Every structure is written in structure tokens, then in C-alpha cells.
Amino acid sequence: MSKKSVGSDVEASTSNSSSALYDTTTTSKGHHRRTSSLWVPPTRPIFSSPTQVIKEKAENGGRILKSHPVTRWLFPSQPILPQQRIVVPNNQKEPPPRYEQPNRRYCGNRISTTKYSVLTFIPKNLFEQLHRAANLYFIFIVILNMIIGAFGKYISVMPIAFVLGITAIKDAFEDYRRYKSDQKINHSTCRVWDASQQRYRKLEWQNILVGDFVHLSHDEIIPADILLLRSSDVNGVCYVETCNLDGESNLKQRQAIRAMGKYHNSNVPLEYSPSEFNYRIACEGPTTDVYKFEGRLEAMEGGPPLAREFTILAKENVLLRGCVVKNTDFVEGIVLYAGKDTKAMLNNSGPRYKRSSLEKMTNIDILWSVCTLLALCVLGAVLSGVWLRNYSTPYTVPFLVFIHPNSSYHNNNDSQYKYSPSYESWFSFWSYIIVLQVMIPISLYVSIEFIKIFQVWFMSQDRNMYYDKVDKRLQCRALNITEELGQIQYVMSDKTGTLTENQMVFRRCSVNGSDFGGRPVLDAVDSSLELVASNLRSNQPTEKKLQLAALAEAAANTGRLRPSRDPALESKLASSVLKQGADIDDPVFAFFLTLAICNTVVVNAKPHEDLMDPDGDIVNSRFATEEDALSPKRESKESLSSNSSTPVVAEEKTAAEDGFEEIELIEFPEVGKTEDTQPSDKEINVIEKKDEEKEGSNNYNGERKEGKGFGILHRPSILSVPFAKLKGIKSPFRRSVDKRSSSSDVNAPPPHSFYDSESPDELALVEAAREYGVRLLKRRFDDVVVYLRHSTRSVKYKVLHTLPFDADRKRMSVIIRENTGSKRIIVLTKGADATVLPVLSNEFCTSTRGEEVIFKAQEHLTMYAKEGLRTLCLSMRVWTEEEYLEWKEKHEEAELDVVDKETLVAESILRAEQDLELLGVTAIEDRLQDGVPECIHSLREAGIRVWVLTGDKIETAVNIAYSSRLFSPSMDLLNIGANGVRAVSDLLGEHLKRIARAQEVSIDATDSFGLVLNAATMSYCLDPHNVDRFVKLLRGCRSVLCCRATPLQKAQLVNLAKNHLKGKVLAIGDGANDVSMIQGADVGVGLSGQEGMQAVMSSDFAMARFRFLSNLLLIHGHWNYYRLAQTILYFFYKNAMLVFVIFWYQIFNGFSAQVPIDPVYLMVYNLIFTSVPPLLFGCLDQDASAELLLDCPKLYGQGRLGKRYRWYSFWINMLDAIWQSLVVYFICHFTYRGSNVDMWTFGHLLVTQLIIVNTFHLALFVQYWTWPMFWSMFLSVLLFFICALLYNGFVTANWTWTNVKDPPSMVSLKAFSSLEFWMALCVSVILCLVPRYVITAIVNTVSPSTTLRTRLGAEDGIKKSESRFASCAVGCLSAPFKCIRLCCKKKPTAHVSTHTHALFEI
């Protein structure tokens, strides 16, 4: 493909992938490159016959109706058969219109994750909001007020309309964002087969139909669930990255169906066209199971018959929507499921909803508010009837509207004016419900949502939780539990990848009973590779030093350390390879062969290209042979796969960038020399000189080509004209090169390769084998090539079976066959020592050599574990041909079983992994992340119990626990490792007695115990006879370390802490094995580490490093809990105070439910005049600075113990509200007593007092004064006075909007001009706040809180606080503005001991 076409094709590509493609002119991410015009299929004509549409709708409706639960309940006699889908390929030579395709009845590929449309938004959003009980309550109040008319009918709609409107705007904005995302996905493009033109054309995703043939290139996102028919690999293999689906970044292997094997024959490859696919596909209906697929191929009428083994389809043949094609030039397949029927969309269940404990307590207090409201309404209704019954002649009482029956004005049909105290009581009850509705804080819900949104934004903007290496900030995936971060009592953490870097480096090994390696880890960690490289180049550079410098630079660029290398072990391996060759009987060679090939590492030796031209034709349809893959390729500056890809050696450019064939000048070192051995300077100069002479004529691009390989130089051939770029013409030179190279026993290794591993452990082992000279060179579906550096030979092994790793076996095996000699069959196994040692053969274990090897290996395992290294055991077994055939027959039967396939396959794998011989042990280092020890120490100081749950050995885990400060040197460790219920019961009893004796000596003795738990004993500990004592033991230990834990056992421990220990649990992990515990915890935190994104996708919060957890909990968690707790209590107080003021007024108006306050003020009181300051308080206030919270983790105890919001906090605020309401009302009552003041003037003073008192009451809460906080309070009060003057200024006597008689005209101006108004206002404010002010000062003087003591500097600062209290009181009275400036001044130091208003902390 020319550079011009590549550059233009990039513009027409999609942008949905995440990896960068290599290109000579530009670098684009996830783009497939093409210049063909967009294919826009015609839609169904508007005036066409609707018969077909009606038929399709009826069929779909019938299927849905039959499968509906109600239908199955009504007609239970009709069995519901599994739904089957028949897919007919859309490859007819004369295809019908797209809207009449036979698969049109299935769901199209257009997706829509939006909840609303333009027409359905209002009714659907209102319906969803009515699910909230509070909204239903206030709508009921509005309807009731429309009937009774307690006050303005239209005014009563304002609060609920405001709440519903704000919520609707938020929902509309979120749905619009989903709509834009859907549009971006639907308008993405890929190449789809156009049968009418017999070529692939660019088509938008939303127009793809079931049965379409799709062509995808490397790094292209799969648009639908497709059946893999063809791959650019000679074996029909392709690799996909499923990170977008299940979060895993490792590559999954997929295989083309067997029926298409004739198109993947490397000897006689056939040309392929989708029009030749003459089969239909019968498969299961859409399901959510990602790891299961059942289907079969069926021959169509007139098509060729199929053998039974070719008809079976499995999950390995399916590419799922959302995955990314990797390590493959192109794949082609047929669409099985599209749109919402794909597994990715079926598993998209949306965000989870969790309720915090503060929200639960708030709901309980709202119920108490409802009970208080009902009690006031009942009391007022009863007293209303009592008051009316006290009048013997109620018809003569002023202001009563009852008419005497004998009066001429009386009408028998007018029952409204009939005197009936019982009826009046009933009517008054509902009037009170309307009048006192403010008791339920409707604005609280909206305010909390806004506060949490701002809290999340502040957390995401925290620079201390930003990781610049990966450019990731904190992500919040659950908005409703931000305050839960301040109440955590238990932290459950994974180890590998969470506490450690998960960047494994091979350090030591035990081979044949001998220990090797031993290079100090600290030296390797602390050394600067870049400094080493510069020193090697500067100090008399030689070829040897230049090579070492290049390797050091490669390691520095990839961020990986080189494995430890023992000269003695390397010498043994070299001697074995030179003398015996690739002899599997030699334990040293077998050990390194297992390291190199017992894995699923994918090897890439070249960048992948898009082989399709703009016309939809494949440029070169011939598959690359094995020898082509082994030839040197061009330089790639980027890893083409997952994040764990690393180049083997330094990279170089060749003329292969232009697609030309190459003639290679290869120089191999002599036998016995290693890779470090270089040719002489003279030889290099001669070759470089020849290369420079031919550079001008051979370099097609006019660029300088430098030979950077060590002893391997390349130059383009003069004869390599680009015949391969012409359609239908094949290059004659490739076949000759293939034949010539295929006869050679020695193949030239490529100058560089890319390793893509499923786990960092496998990558470390493969790199270690390469470092010692056994290099994994090539891996295919059925064979693997290993390059032996010491003999300069490539050895190929036939891969018969790969038995993958699983959490139950904790082993992985490959079954291979030698290609030379006796062609023996060998089983290579690696796994944890606990699972490998038990399956060793008795013959090996009882032999003299076997006993010594096993004994030494166990010693070395213990030694490695104490050093904190991760260990694996390697083993092997040689099978006879008869043993293998017998096992293979049973294994194939298990794979073909349709009933119990998984169980039978698992049993077959266990039979293969028996009677092994131990080869050795590996030790891999996994460094702790920076800041982990300090973070865990801070969490423990905060009173949080930290549990580490890991699958490592006990010795390894204990060593890491000490390094991470989970265990301290002074801590007494308790170990539970017994077997059996009785043995565990006795051990639990001994440990409990030990803790009890320690508690008799010291109350804080529980802080000196740590528990080491073997997960194998979990079932015994959770036995009903032991669970109570086990829980008691857990409560008595400060730190817990659980080893050998499976994902299920991690989830069990989380549930144990939640249900039995009654604690708030935070679970943090980075891999798929941590998902169960993350989802089960109160708060789940996912780390975006080396093991993919599945933990992040399942979490509530996501961050990059473990050390950020201290900032997340100790700072933001503390602030979030403090702010929300105080804000919620303030809302309850504010609304209760208004209700009680109205109720005291009823005593003096016969409990008639008359309200003295203007309805307009009553409705906007919570929405405007008193709403902004609490919002800013909930977003900005701080009871301690961030530095102080980190320096003194004990301050976290206020949230951890729930001290800010106790069960009695609500009632304390109610008492305060009752006192202040009494002061407000009776100050106003006695101010106007004996005067002829009107009701509106009386109520105007009341509402002014309420607003001023509420504002000053909130000011007592504020601990951190900021200008937004100050101005919000000042402007809220000022806004009330301005609105009052304007409103009462244009209200006239004819004002009817508020539905009140005698509208309040010019009331505000009259009240503000009165001296007694201002005197009453000042007196009421002082009397309302003096009790709280005095009590707070006394409490902070006698028994200050931990936060206050810390802010004052030390506990002995209590005496100083008395003088400080006096000075602040005098300062506030004498120079208030100066005092305000001092309080608002921001202190740069951590300890805010000079913060004068800290004394008035609640």
C-alpha cells in the first residue's frame, strides 16, 4: 500500500480503538485505512406496501408475547423451547434490497442506550420521578390544596415544580450525553461485502444486518458478534483484546471454523470470496453468557455436504462486539448477532445503586419528621374542635362564617356554613397537612445531589491523586456514596498489582536441587539504566559495551528491569546445548524450555498492515509462511498489542517498510559464542562500507538505512520490484526464498520481537529464558519455535494441546511433540507449589535424585518466600504414544459432549497432569508500589482495620506484610493453619485466651495482634460451631493476612466483615479475580493496573495507585461525611423551625390553620432565600485542613465511628428548633401586643427573623471561612430585603394570584421604617443563638473534640483556649471586621492552631 493511499485512508477511518498503528507518514489510533466511498443502502420507500412491515412486527410481537412471564404463567402446559436463530448469508448474486433481506426480522446493529426521546421525555421522566415517595407526597399536597384552598393554589405548585424541573434538566443532560455517544458509535464505519458489486465497501455500523460479511483489519473494533470465517494467519488464528468487554487486557485466541480450513492451507492456499460461503448457521438465541456459544453449520440446498466434525461451532469461533482485532492483518466473518442482541449490549445493565448509611439514617429521620407532622396536624385539628365547642353561640362570634339556620341567608343546600365542630376538625386536619408540609425538607434531596456532584468534581481535580505516568485521575462511578468514604472501618486489599507494581522480574531459581541467581534486588531496583547506558557509551566504547548500552536503553524505554542472570547456570545451559543439543532429558534444558513455551505468550516479529485496497480487494492474498515470519522486519516505535508488550532488543529499520522483498546478509557467531560476542571492528567496517555504497540506489524512500543489529545487516534487493502490489500478480522471489530457506536447519532470528502476555508472570519467565539463551521465537496454533543462542539453531516443537490455567487447578500445561529424533510426547506443567508437588509421580518422589530435588526445592521455596519473591514450580512428564492416544480419545469425547462438557474436560485435564517430575522452582520479584507502607500505616493509625487477601504462599505474603507495614515488628502474629473443624476450634480457643490475657494487662492489647489465615481453613472457620469465635478473633486483631485465597473466599471475607462484624468495608483490587469482593463491599475501588480494566469497570471509584487511598479516605472521605452530616441536620432544623413558628401562631387564632406569612415567602423560603449558603457549606467547608488530616489520621475516627450523625442528633436539632421558634414567635407577639397591626406585617417580621436567624445559625457551623461562603450569606439576606420591597411594591388590592384576601400591599416598606421592627429583629437573633453559642463554648472548653484539640496544637492547650475564647469574644464585639478578616485568612501551615473560630466547632 502506498504512502499516499495510507495517508488518505486515515481520514476516512473510525476513531473507536485505543491502540496506535504504525505508518510511514502518520500515526492514527484504531483507524482502518481505506478511501472507498461510503455505502448508503436505500431505505424502504414511504409509499411501499406495509404488508411486510406488519408481518415482521406481528412475528416479533408474537415471539415476545410467548416468552413473557405472564403468558407462561397463564399457559403452563405449553413448554418454552430454547429459541434458535437461523442465519442465512447475505451473499446472493442478485441480492434483494437491504430492507427485504431474509435476516431483516432480527435486530439491526443500530444501538440506543438513551432512556427518552423528544416525545416521551416529559411523561416518562415524570413517571420515573414519581417513584420517589417524597415527590408523590408533595404532589398529593398540591392536589389537596387545590381542593381545600389553604393558601394560594398556584403558589403551592412552585416547590415541587422546581424540584421536578431541576431533576428533569439533569436527566435530560445525562441522556443527551448518551445520545451523542450512541451517534458516534452508530456512525462508525467498517467494510461489509456488497454482493451486487462483489466487493467490500465502507458501511456505517448502524446499517449492518445479521448475515452480512465483515472485513476487519488490525486494531479495528468488532462492530457485532461475528463468526470467524477467515484470518490472515495460515492456521486461521486471530487474537482479540477483550478490554472493552470484560476489562481484561490480555489477548484471547480465536480460531476460524473448520469448514473454512481449505482457505488456510499454507501449501495450497485457495482464493476466498464471501460468495462461496454456501452454508447457513443455526445458533442459540441471544444470551448474556460471554463464555458460551452453541451452534452448527448446515448445508444449504444445492450446497456441498459437511462432515460432522466441520459442523460444530464453539465460542472460540466467535468474535464479540467491542473487542479489538490484534496481531492479525485481517479477519473476515459473518454477523450472527447485531445491535442490542450482542452479548456486550445484553450485559450492559447500567450503573449499580448503593445506599450509604447516612442516607439510611436520613430516611429514618424523615419518617420521624412525618410522624411529627402528623402529630401536629392531629393536635391542631383536635384543639380546633375543642376551641369551637367552647362557644355556646358561635353565630355571633366575629370572623366565624357560620350562619344561623333561622337566618334568611341560610340555604339548606349550603352545608359549607353549617355549624359542626367535628367537620371543622376534619377540615382543619387536611389544612394543617398543607400548611405544615414544609416539615418534610423537599429541597434536601436536590441539595444533596448537587453537593455530591461538586464533591466528586473536587475529588477528581485533586492533584495528589493524579498519576502523570498514565495520565489518570480519580474516577467516580457511583455518585450516591461519596460520604461513605468517611466511615470506612475495614479495608480489604488484594496484594499483586494492588500493593505491588505487578511488573514481574525474574530473580532466582532452583534447578536440579541447586540455587541460582541471587543478584541483590535493591541494586537492580536502585540502579539507573539510563545512567548505565551513558557510562558505557562514554568510557571507551567497544562493541561489547555498545551492545550492553543498547540493551540497557531498551529496558529503560520500556520501563522494565532485565532479569537476573547467573553465569554458572548459563554455563551449564550452554554446555548442555552444545554437547547434547535440544535434549529434553537434560533437566537444565527442560527447565528453560518450560519457561519459554509453557505459556500463552504471543510473539510478533512485524507490524500488521491493512492488506485491502480502496476497491475492496486484498492486495496480497498469499499467506506469509513460517520463514517469512522469521525474516527481519521494519522498525516499530510502538507496541502493537497490550500494555505488557516489550521489545526483545533494539529496533531497526529496513527497506521492508515499502513492502519490498529482502536479501539478507546474516552473520552467525561461531558455535560456543553467545549473543554478546560481536564480529571484529574490521568486518563491521567492510560491511557498512558496502552498504553505504549501495544506499543511494537501493533505498526506495531516499532515507538512510542503518544496520543496528548485532552482526545482522539487511539491504533491499535490486530485483525486489513491487510485483506484489499489482492485483493478481504474485512475487516470484518469495517462493524461491521460501524454498531455499525451508531446507535450511538454521533460521535467522528476527532482530526484534514483541511479546504479548496474558499475565506479567508469563512475560517475566519468557524474558528470563531469552536472557539465558532459550528464546521464544515464534508461536503458532499447532507449533512453537525456540531459538537456542548458544548453538545458533532454531528448534520447532509440535503443540498438541494447551491446557489453560484456571483458579481451581492453579496450573497450566502444554503437550508437545518433538520434531526430530524419537518424536516423544512431553507434558510441561507450571503452577503453584501447593498444586504441583502433590501430583508428582511416586517413582520420582521415592528415587534418590527425586528426594534430594524435592527436599532442596522446598528449602528454596521457603527461602524465596521469606525474601518476598513469588514462586512457581516447573515439572514435566514424557508420554508414550499409547498413553497419549488413550488420553486424547477421552479428551475429544469430553470436548464433544453437549451435556456436561465443562466437568468432563476438567477431569480430563487432571488426568493429564499426573505423575510429573519436578524440574525446578522460579522466584519472581514484584516490587511494592511507592507510598504503600506509608499509606497502610496512615490507615492503621486512623483506626481502620486493613486486611490483605492474596493467593501467594504464607511466607511470601508475610514478608510483603512486614514490608508494607501491615505487620509491625512489635506485633504478635496468630496463625490459623490447622485442618478439621475440631483442630481449628481448639486453635481458635487458644488464640482467644491469649488475647484475653493480653487485654487484662492493657486495654489496647488488640492493637498488638495480627492474624495470618490460610484460606484452606476458611471452611472450618466458617463452620456454625466456630464462626462466633472466629468473628471474635477477627475483632481482636488489628491486621489480617489471608493467604492462598480464591476470588470466592475473598467475597466471603467481605460479607463476614459486613454482616458479622457490622463494619463498613472498602475493597480494593486491580484484576478480574477481585471483582467479586469489589462488588460485595460497601465501597469498591478499582486500580487501573497491569491486569486489565475489569476491576475498574466493577468498582465505585477508580484510581491509578494504592497510595492515593489515604487521600481518598482521610481527606475527602472525612470532608464529605462531615459536610453532608452537618448539611442534612441543618435542613431538618431549618424546616422544623418554620413549622413550629406557624404552629405557635395557631394558639392565638383558634387553631384555624391560618398562616400569617405571605404564601409567596412560604413557598420560596427554602428554594431561594435559604438554599445557596447550605449548598456552599456542603461543598466547601472544612473542619481541618488536608495537611492536618494526613498528619493526624486519628481525626478520621469521627466519621469511622459516626460521631457527626448519631441517632439523637436529629432530636437535639429539633429541641434547638423548638427553642428558636418560641423566641422568634413570642418576640414578635409581644412586640405587636396591644397594637392594631395587620396579619401581614406580623408575618413579615416573623419571616425576616427566620431568615436572619437561620443564616447566623449556619455561620456558627462554618469552620472554614471563604469569600463565596461569606458573600452567599450576605447576599441571601440582602436578596430577601430587595425582593420584599419589590414584591410588596407592585402588589395591589386587586392581586388574586396568591388567592388571599387583602393582599399585602406596601407591607415591607411600612415594617422596615419601624424602629420596633429592627429592635425585635436584633433581640430575637441574640436570644435564639445564645444557648447554642454558650453550650458550644463550654463543651469546647471543658471537653474539646479530637479535631479541635489537634487544631489547637496539643491536648494541654485547653487552658489556652479559655483565654482565646475571651479574646475572640472581645474581638468580635469590639472590632468585628478585623475579627472576620482574621478568621477568613487562609493559613498555609498544617496545624491551624491560630484559627480563632475553631473554638465554636459543633
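Every residue, even glycine, has its Cβ placed from backbone N, Cα and C.
Copied over from TrEMBL:
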- 1-41: region 'Disordered' (REGION)
- 11-28: compositional bias 'Polar residues' (COMPBIAS)
- 101-154: domain 'P-type ATPase N-terminal' (DOMAIN)
- 134-151: transmembrane segment (TRANSMEM)
- 366-388: transmembrane segment (TRANSMEM)
- 429-451: transmembrane segment (TRANSMEM)
- D494: active site, 4-aspartylphosphate intermediate (ACT_SITE)
- D494, K495, T496, E762, F805, K830, R870, T950, G951, D952, R1044, K1050, N1073, D1074: ATP binding site (BINDING)
- D494, T496, D1070, D1074: Mg(2+) binding site (BINDING)
- 625-655: region 'Disordered' (REGION)
- 673-707: region 'Disordered' (REGION)
- 734-759: region 'Disordered' (REGION)
- 1096-1344: domain 'P-type ATPase C-terminal' (DOMAIN)
- 1128-1148: transmembrane segment (TRANSMEM)
- 1160-1180: transmembrane segment (TRANSMEM)
- 1210-1232: transmembrane segment (TRANSMEM)
- 1244-1262: transmembrane segment (TRANSMEM)
- 1274-1297: transmembrane segment (TRANSMEM)
- 1317-1342: transmembrane segment (TRANSMEM)
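This view paints the features noted in TrEMBL onto the structure.
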residue	record	Cβ contacts under 8 Å, 6 or more apart
D494	active site, 4-aspartylphosphate intermediate	V948, L949, T950, K1050, I1068, G1069, D1070, G1071, N1073, D1074
T496	ATP binding site	N502, R870, D926, T950, G951, D952, G1071
F805	ATP binding site	R811, M812, G831
R1044	ATP binding site	A834, G951, D952, K953, I954, N1014, A1015, A1016
Sequence-remote partners of the transmembrane segment (1128-1148) [C-beta within less than 8 Å, at least six residues beyond its ends]: 358, 362, 365, 369, 372-373, 376, 380, 383, 435-436, 438-441, 443-444, 447-448, 1154-1157, 1165-1166, 1170, 1174, 1177, 1205, 1209-1210, 1213-1214, 1216-1218, 1220-1222, 1224-1226, 1229, 1246, 1250, 1253-1254, 1257-1258, 1261
Cβ-Cβ neighbours of N1073 (ATP binding site) (radius 10 Å): 22
Cβ-Cβ neighbours of R870 (ATP binding site) (radius 10 Å): 25
Contact set, same chain, for the transmembrane segment (366-388): CB under 8 Å, 6 or more residues outside the stretch: 134, 394, 421-422, 424-426, 428-429, 432-433, 436-437, 439-441, 1132, 1135-1136, 1139, 1143, 1146, 1150-1153, 1210, 1214
Neighbouring C-beta atoms (10 Å sphere around the C-beta of G951 (ATP binding site)): 22
Surrounding CB atoms that lie within 10 Å of the CB of D1070 (Mg(2+) binding site), all protein chains: 30
Surrounding residues of the transmembrane segment (1244-1262) on its own chain - C-beta under 8 Å, 6+ positions past either end: 1126, 1130, 1133-1134, 1137-1138, 1141, 1145, 1156-1158, 1161-1162, 1165, 1169-1170, 1173-1174, 1177, 1181, 1220, 1224-1225, 1227-1228, 1231-1232, 1269, 1273, 1276-1277, 1280, 1284, 1304, 1307-1308, 1311, 1317, 1320-1321, 1324-1325, 1328-1329, 1332-1333, 1336, 1397, 1400, 1402
Three-state composition of the domain 'P-type ATPase N-terminal' (101-154), taking helix and strand from DSSP: 25 helix, 0 strand, 29 coil
Segment confidence, the domain 'P-type ATPase C-terminal' (1096-1344), expressed as mean pLDDT: 88
Protein Cβ atoms within 10 Å of D1074 (Mg(2+) binding site), excluding its own: 31
